Amino acid sequence: MSALRRKFGDDYQVVTTSSSGSGLQPQGPGQGPQQQQLVPKKKRQRFVDKNGRCNVQHGNLGSETSRYLSDLFTTLVDLKWRWNLFIFILTYTVAWLFMASMWWVIAYTRGDLNKAHVGNYTPCVANVYNFPSAFLFFIETEATIGYGYRYITDKCPEGIILFLFQSILGSIVDAFLIGCMFIKMSQPKKRAETLMFSEHAVISMRDGKLTLMFRVGNLRNSHMVSAQIRCKLLKG
């Protein structure tokens with residue numbers, strides 16, 4: 001048995017069985033011919049993975065959704081990349097369509113869509129004839145492109161107010177989403193992929209005391225400044 005363990009390691013256990021009937025049944029001593037076979041051990045789930053991720057999940061806390069929404073910025077940072085990109089694209093698309101609709105509504109209520117080609121008529125926004133042209137005007141002003149073909153005139157106070165609201169809303173959306181993406185990119189989550197831990201830990205005498213020891217190796221040539229290691233010990 002010790003030879004089998006040395007050969008196959010601790011991932012297998014030796015089970016003594018004997019052939020009786022249609023299958024192999026465990027037998028006690030003195031109950032017929034016996035044979036030994038190796039059965040893979042049932043691996044227990046780790047409390048903490050070797051990459052540092054904790055396998056404990058919290059449940060039945062109550063009102064979990066409201067707790068996550070109360071800290072929306074951190075919730076977005078913790079989401080996976082595919083959801084971050086989806087929210088990023090969706091938020092900008094909805095904001096752009098909403099603001100373009102507002103410019104189109106102003107042009108429609110003032111009658112600029114029908115009088116845009118009249119020579120002596122001054123519209124709210126020059127050269128806005130339909131929704132696509134209103135959308136292009138919003139993109140040009142929001143992205144500060146400014147081709148000069150579409151512009152706000154001084155005969156439209158509601159357009160000036162909407163332009164101020166557009167500037168404030170655009171700054172808030174940019175600060176929120178771009179800040180979220182920047183913080184997520186700066187998190188070194190994949191840094192643990194190049195950190196190697198020893199397969200086994202040992203208990204040995206060190207400085208006159210029994211000490212639990214293991215080794216950590218860095219595969220990269222770059223140094224880690226102010227690195228901290230936290231360990232969790234489970235005592236049965």
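Any Cβ shown, glycine's included, is placed from N, Cα and C.
Fair warning: this is a prediction, and the values are worked out from it, not measured in the lab.
As annotated by TrEMBL, compositional bias 'Low complexity' applies to 18-38.
Per TrEMBL, the feature domain 'Potassium channel inwardly rectifying transmembrane' maps to 48-188.
Per TrEMBL, the feature transmembrane segment maps to 85-106 (among others).
Annotation source TrEMBL lists transmembrane segment at 160-183 (among others).
If you look up TrEMBL, you'll see 195-235 marked as domain 'Inward rectifier potassium channel C-terminal'.
Same-chain residues lying 6 or more positions outside the transmembrane segment (85-106) and placing a CB less than 8 Å from one of its CB atoms are 76, 79, 112, 124-125, 128, 130-131, 134-135, 137-139, 142, 156, 158-159, 162, 166, 169-170, 173, 177, 181. Look at the domain 'Potassium channel inwardly rectifying transmembrane' (48-188): DSSP puts its residues at 90 helix, 4 strand, 47 coil. Averaged over the domain 'Inward rectifier potassium channel C-terminal' (195-235), the predicted model reaches a pLDDT of 83.
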